[in-house]
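Just below is one structure, and these are the notes that go with it.
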Amino acid sequence: MLAQNKNKTENDMFKIMGAGWILGIACMGKTLWPMLDFPLWLSGLLLIILLLQQIAALHWSHLGIQLINTCVAFVITFLLGLNFAQNQLQERLIFRELTRQPAEVVVYVQQINQLGSSQIRQPVQVLNRHSQPVQWLALLPAEQELQLGRYYRLQGQTLPAHSFAVPGAFDVEQWYLQQNIMSGFQVHSMTELTESELYRLGFGAHLRQHQQLWPQFKLWIETQRLQIRDFIQQQALQHPGLILALLTGDKSLLDEATEQQFQRFGMSHLLAISGPHVLIFAAMLCFVLQRLVSRYWSELYARLPRSYLLLLPFMGCVFVYCAYVGFEIPALRTLLICLVAGACLLLKQPIQPLSLLIGSASLLLLLDPLSVLSAAFWLSYGACFVLLRIYQTLRQQPVHPQQTLMQKLWQGFRLLFESQWKIFIALFPLMIIFFKQIAWIAPLSNLLAIPWIGLVIVPLDILAGLSFYLAEPLSQLLFQLNDLALSLLLGCLQLLDLLFAPQLIPVALSPPMLLSLVLGLMILFLPAGLVPKAWSALCLLPLLFQDQFSRQVELTVLDVGQGQAIFLRYREHSMMIDMGGHYDEQKWSIGRQIIQPFLSVKGVQQLDYLWLTHLDQDHSGAYQTLKPQLQVQQVYANAQLEVNPHSHFDYCQQGQQWQWQPGFQIQVLSPKPEQLNPVEQQKNESSCVLLVEFAQAQPYSRFLLMGDAGWPTEYQLLQDYPDLKVDVLVLGHHGSRHSSSYQFLKQLEPKLAIASAGLNNRYGHPSTQVQARLNALKIPLWQTAQQGSIQFYPTENEVLPYRHTRVWLRRD
């Protein structure tokens, strides 16, 4: 009994320490932890303290001491994980490119490319940029292609990753770091290099390194992936993209319509190579091996138990398939779980499922701590945790050995149904965190798709892939059968599309609301007896009082590239001034990719007011995109605009004023009513100019937002408002040379000027002339391209440039 309690205590301590390690690594890159950055020797000291503390814990069994030991172990492993992750991140940041510039590089091609309609994305290893090789992503025309295992001299321009630094928006710079890509590179010309040329140029050491066993194995794997892609591409198949994606994880042949369909049905995870793919492959090969051993070498079982005999081949199959799909996170998770479980089996240790999950996650983050930045890591382990809880529930149920076939089928269907709705509910917060939207039909579509894909399509795909190396005609036949199976699945999805027309639903939950939801769901899914399930109801309170859990007063100048979008919140009122817009919102949408995710993390489901300073695409284009699904009560613009039936439209003109209590008001300073008629001829000078005032705020209380207005409007404002003073000036026309005159700046005396303009924009905004005027008047200039979104919290006297919140986003 004492031994059992001791084992349980040790197992619980392992889970606590693993959780501390994982959470510490998860906090990497956050600039709120600078005081926790400490040198390597201190990390070693903490590790020694942890070991001594664990040894001491073996000799004391008092409950209070155990609780202290647990807390100390968690804190130390958290600090060790955080510091380890920060060091790994800094090492990777050293090799990042930050500016566009011409470059000539020598590269080695060790991975297959990603095909596109107009260009090829080719990962390359750059040999002559730093003291060690780094990975770049080369962009080539569709007709050019780099060959695997070859060396090239490339000439072109570096394309550093640059994110729209907006809360909630997809972080391109984070994705580049997580993928270990240090820069993009636009290729202008290329020349293949021979071995003799490489030796002459001084790259002999790299050449010898690439000829070693492990690099050659990886190159062989990539060659096999390329051969199977070319083979599938040559077949007369209706769904080559799906077949290839489900076999190797390569989405080169997948068309955009199919990807969007899988997204709308909440089935995108099925296109990633996950645990079932790997286990099906390993189980199929081990089944064949087991039959061969039973038939020809059955005496082996007398020397070695069957589980031990098949363990090594099973592990080998899992490893090979993980390598075959590029060691994607879900596949790597499966490999590590199998390795840990296999070690427990060999050492005759009991296998604890939750410990197995935490242990594999800790190992994965030890190998690659930046995996924690990937949505795949959290979704993969989140789904595993839910399936683990379902498995534990099943083990507690009584066994009925006399079940009929129909009863077993019904139990299997019930288990599948239960797993789908539980996974949907449990992963709901993660879906909101990473994607800001959900597919409500996901439980139903996955209920149909998972058995068909797992039991029919994936096994057929694997058999076809294996037979490619044995008999190509058989492989062709199996791929054709799989194509028919996929046609049947897509036909069912089309039927669901006709019946329900599912669309992705944006969900607006602020961070405090998400945290409360996560805690509530964790309580529901924890084993019975640990925490009363009724406590989960307490976690719903923030959902009922969401306004009290978010910042009450806020003005944010969003980083929308070459455009303008400003968000305002005052207590329960949410409003925007402009929304930005991409020149082609259908191709890539500022509205869907930037504005909608931002409003989601702010917990905003509808806007009370929207002022469009004018109707140029870079100020209003995103509104046209979001108009069908975003509710806006009142829309103002300087020209007639078609709005939704639930919205009311009016012109903005001088003299309009809105006041919410004495603390907050908005005034329109321009245009005058008579300027609205010829607005088409002078759209910029007819921009709505707004003055936003927060009473008693320090140091910034008065904000002047100029739209695209230039010198004529500035002159008129000086005539109409000779005593006008402001604290923050959002420069007119993104800081063009025909705006922000010296006299205007001198009269207003702003403490801070902001230029909302894109990085390296072709207009040169903000212009050197405007910057010179600001320098002459000693007015600081912030740019959204450099600071990211600039967040003002007037009642808290706080200003927060978003790029200062993440280490990889900082530019200073």
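From the backbone N, Cα and C atoms, a Cβ is placed for every residue, glycine too.
Annotated in TrEMBL:
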TRANSMEM  40-60  transmembrane segment
TRANSMEM  66-85  transmembrane segment
TRANSMEM  270-293  transmembrane segment
TRANSMEM  308-327  transmembrane segment
TRANSMEM  334-351  transmembrane segment
TRANSMEM  371-391  transmembrane segment
TRANSMEM  423-443  transmembrane segment
TRANSMEM  449-471  transmembrane segment
TRANSMEM  483-505  transmembrane segment
TRANSMEM  517-545  transmembrane segment
DOMAIN    562-759  domain 'Metallo-beta-lactamase'
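The transmembrane segment (334-351) and the transmembrane segment (308-327) are in contact, since at least 3 Cβ pairs between them lie under 8 Å (pairs 6 or more apart in sequence). The stretches the transmembrane segment (483-505) and the transmembrane segment (270-293) are not in mutual contact, being linked by fewer than three Cβ pairs under 8 Å (pairs 6 or more apart in sequence).
Using a Cβ-Cβ cut-off under 8 Å and counting only residues 6 or more beyond its ends in the same chain, the transmembrane segment (423-443) has close neighbours at 168, 263-267, 375, 378-379, 382-383, 385-387, 496, 500, 502, 504-507, 509, 514, 517-518, 521, 525, 596-597, 600-601. Same-chain residues lying 6+ beyond the ends of the transmembrane segment (308-327) with a Cβ under 8 Å from its Cβ atoms: 111, 217-218, 221, 224-225, 248-249, 273, 277-279, 281-283, 285-286, 289-290, 293, 300-301, 334-335, 338-339, 342, 345-346. Mean predicted confidence for the domain 'Metallo-beta-lactamase' (562-759): the pLDDT average there is 92.
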